[in-house]
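Taken straight from TrEMBL:
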- B:6-37: transmembrane segment (TRANSMEM)
- B:83-101: transmembrane segment (TRANSMEM)
- B:113-137: transmembrane segment (TRANSMEM)
- B:157-180: transmembrane segment (TRANSMEM)
- B:192-211: transmembrane segment (TRANSMEM)
- B:223-247: transmembrane segment (TRANSMEM)
- B:259-281: transmembrane segment (TRANSMEM)
- B:301-323: transmembrane segment (TRANSMEM)
Amino acid sequence: MFMGMSAEILARLQFAFTISFHFIFPAFSIGTAAFLAYLNFLYLWKKDGAYLRLFDYWKTIFAVTFGMGVVSGIVISYQFGTNWATFSDKAGAVIGPLMGYEVLTAFFLEAGFLGIMLFGRKRVGDRLHFFATLMVALGTLVSATWIISANSWMQTPAGYTIAENGQYVPADWWAIIFNPSFPYRLVHTVLAAFLTTAFAVGAVGAYHLLADRTNRQARIMFSMAMWMAALVTPLQIVAGDAHGLNTLEHQPAKIAAMEGHYETQSGAPLILFGIPNDETETTDFAIEIPKLGSLILTHDPEGEIKGLKEWAKTDRPPALIPFITFRVMVGLGFLMLCLGLWSLWLRWRGRLYDNVWLHRAAILMGPSGFVAVLAGWYTTEVGRQPYTIYGLLRTSDSLSNVDAPAVGTSLIAFIIVYFVVFGAGVFYLLRLMRRTPQTDDHELEKAPNRAAGITPGPAQSSRMEPKNGH
Amino acid sequence: MAIDLAFVWAGIIAFSVLAYVVLDGFDLGIGILFPLFPEKHDRDVMTNSIAPVWDGNETWLVLGGGGLMAVFPLAYATIMPALYMPIIAMLLGLIFRGVAFEFRWRTERWRPVWDVGFAAGSTLAAFTQGIALGALVQGISVTGRQYSGGWWDWLTPFSVLTGVAVVFGYALLGACWLNLKTSGPLQAKARRHAMIAGVATLIMIGIVSLWTPFIREIYFARWFGWPTAFFSAFVPLLLAVCAFALWHGLTTGKNLQPFLAALGLFVLSFAGIGISFYPYIVPGALTIYEAAAPDSSLSFLLVGAVVLVPIILAYTGYAYWVFRGKIDPEEGYH
């Protein structure tokens, strides 16, 4: 059964599979929650019903995404115990309280106000409803903060002592929470979540602009998304660079794997493409730019970069996956930057809503955030192998005392259920995104001359949405 | 004055598990009752009655699990592998249950499929939670710091019995919730089902209670030995009071009383389990003191729990207050 795979490899596959699916949903809902809070704010501020209709449009998409994030997240919180019991026993005293705080400060906040945000506007009124939306958005950010802190501690552990029974005992919570890689990882991840949402929203806006470039809701969402693309992508590139330098300091083996460097060298090249081979310890078919690797990583063309051979073979991460996924992430990042700059240019020329090629490109880039987030995640998680807690606890020593058939059976069950359930969910999401954002019925009644096809004038923006409009 | 941190935390974890059981209990109960309400209109009202609150209810499960890892890591690391299959099955059940709330509104043609998923997922989650409880009561073999049993140890006649008991118990909670939140024919039907589920639940509580003392000597000593027998005698007495309140509330058409009585049955049964377990957290293997995390973890998280749990209870209560009263069938949430 299970092709002779060990419980360890099956458990790793299970974790990789379930967390990959899970990560997609919060990556989208973090940005979407903030987007919804901002739309809600604009509606209250400008008294413009268009923002409320956009809110209702994206609210449903958020609800479906959030639901899938919740159910796939619970799996993770129990998987630490089922498959990784030794890790839980040893690190639970450090990791557990961080996740405990995530539940207490974030999950309850999101869940408590989600019902009011989705269903309660008529019952509590606009202002309290806005407050509820704000709390949900805040909850998603707080949640990200704690879980990134926990993950970062596993990458760059600090503030602990080791007890006689092998447990990691917290000595300094400040040092644990604000461990060396945490601030960089947090900024990089949260910006990634915002960009993921921005490009998804931009694609939806572009899709509807291609059908009707006068659709006001489509214009608003496309414009907002392109502002995000133009302004946040450069920030993200800076944040990513800083995160990379932090990794070089604390996890140089991960950097060596990402760069495909086996030999330690001064004036190291930047390998654009190639195929790292851990057997021969060479990166085959490499296309290189001399000195650039050292320049980027040490900001000195003659700087020394450690190669994988600095570490014993058993202490190295596998190079191929981080090497490829890192390039996918960076490549998508620069495509995002191009789209953002292109949109700025066209906006300046007053052609933002008219250029079909921009719209087509934006649709093509719709999934780019999701792919980049996953690629970045694989880079950092595979790159920290062979450890679960970097330098302290090996992945192979973290496992539960479970039989391979148990892990394999549950893995197959997860694969089947996830593809059925989340496949259907993604299908419904796409169908929700295909809905044409409606102009309001009341507007059509009151202003029958403003039918589809006529550019909405500024007069519309001053009209307040009736409270029980929907 | 030193605080007994492990004891305080055992209380908090027990509270969050109890909160999960009674709150998500009625959500899951509605899923269990779904096959008995084939009409689309009824099903819409049933899911709408819990749509705004189910996610918050389920969060107590994450607090129970995540909290266990934080404050009793050794218990977490031995219980989860021991209950491997029931836990995985529960998680898969909860997935189908959770997505159905949104999915069933997103499609006409496939709604029956997600309705089946909602019902089957809820029932599976309830059944496996009951199995997990039964398996835990029977005890888990631990060697060193690891679970040392097989991956089918959890399957026994007793654990199947507790699984069925929890399904009936949740169905009772769900039916009493519907009695509280709905009106007309739907309420009348819910009341009839509550009566049946109530009788079944009480029978189950009786069988499990009579069986449990004979599983382990310590349970027997707890229930029939002096002085603890003095306290344990109160539990059956109060159970009888709740049973009467349930029957009385249902037959005289009360809205809230049956739900409170059903909650009482759960609280008392839970207290009964607590009397049997204490001071063990993994029966027969680990006490709360042996499984507890270092004091630096317990006190760090306790500060947050003391401040935040009351706040959580307050805004959760507010969310329930916002959606108080009978469900208006015409008020479509979607």
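Any Cβ shown, glycine's included, is placed from N, Cα and C.
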*How about the transmembrane segment (B:113-137) and the transmembrane segment (B:6-37): do they have 3 or more C-beta pairs under 8 A, pairs 6 or more apart in sequence?*
yes
_Touch test for the transmembrane segment (B:192-211) and the transmembrane segment (B:259-281), at least 3 Cβ pairs under 8 Å_ = yes
_Given a Cβ distance threshold of under 8 angstroms, which distant residues of the chain, six or more beyond its ends, lie next to the transmembrane segment (B:259-281)?_
10, 14, 17-18, 21-22, 25-26, 72, 75, 133, 137, 169, 172-173, 176-177, 179-180, 194, 198, 201-202, 205, 209, 212, 218-219, 222-223, 228, 231-232, 235, 238-239, 241-243, 245-246, 249, 287-289, 291
_Long-range Cβ neighbours of the transmembrane segment (B:301-323) (under 8 Å; 6 or more residues past either end)_ = 5, 8-9, 12, 52-53, 56, 67, 70-71
*So what's near the transmembrane segment (B:83-101) in sequence-distant terms, Cβ-Cβ under 8 Å and 6+ beyond its ends?*
27-28, 31, 47, 51, 54-55, 58, 114-115, 117-118, 120-125, 128-129, 131-132, 135-136, 151-152, 154
